[in-house]
């Protein structure tokens, strides 16, 4: 951990993951057998913290666990995460994720039990945020309580906000002040959900329904997102096996956003569960490492961050588990040296 670099605070979930390997994702009314079962550390927040830690960032985690989750906290610490802001509840159980891994498609399906993640309060957050300020980063997801209020409080302290709106819910666009977000990291489904919400709101129709407008492409969603969140610095939409498309504000004189497209590194896909969190952690770690206060990042810096994060995610999908699959920085650097540039 380089203490001379900006601090990155991940305020988010810590879970215990129950993994079931199944022939295919179970259908409504269906009972199937699992070929294997395992338990591991997880939670989008915890995974992103571990990715940041393994990427060499100056990372702190804030959140809440039960006594049953102390072993997860220790794993995070071993990855270089400072967990001094993690509270342990004597009454509530740690959050759980029940994860099905399909042998057929290698996709996953997840059911969340929030547990202690939904007992986080703004009052607790104020005590944590007092140790952070301008130039520091906060990384958030939608797996804990008081998220929108914490986001507002972080922005008041001048922190750079990176938000992954997962899981996407109908309430999320109303609960979170998305106009305060600096970097929005989303997948295709989340992009479609935000597009549907924003267009419904603009048309004064029923905005309570977030539908998956599968015919809307990532490129088509950008203008709507940029208009709604006009001060945003970057929007990254991951496209699974098709790579990613992103737009960033670069030139201080010209406020237009520049588009980037990257493919993926081809390789064996074993499990996609930790790929998104790995990408998020490595992306933020790269930018924080190269940050100069009050200066925008250059085209080259954004591309470098996207490429490093993409290589890290490509290594993660080749291993079992979520947190366990997150690669070390040396392995990512080696992958970048030995594999072709992403196009």
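Glycine residues also receive a Cβ, built from the backbone N, Cα and C atoms like all the rest.
In the record from TrEMBL, residues 15, 16, 17, 43, 44, 45, 46, 47, 143 bind substrate; the candidate from 255, 277, 304 listed for the same site is 277. When the candidates 117, 142, 187 are compared with the ATP site entry in TrEMBL, which names 238, 239, 240, 241, 242, 243, 276, 277, the shared residue is 187. The DSSP secondary structure for residue 17 (substrate binding site) is strand.
Taking the mean position of the Cβ atoms of 15, 16, 17, 43, 44, 45, 46, 47, 143, 277 as the substrate site, the remaining same-chain residues with a Cβ inside 8 Å of that point are 12, 13, 14, 41, 42, 95, 97, 322, 323. The candidate set comprises the binding-site residues 15, 187, 271, 273, 325. Of these, 15 has the most other Cβ atoms within 10 Å.
Each of the binding-site residues 241, 243, 321 was assessed for Cβ neighbours inside 10 Å, and the highest tally belongs to 321.
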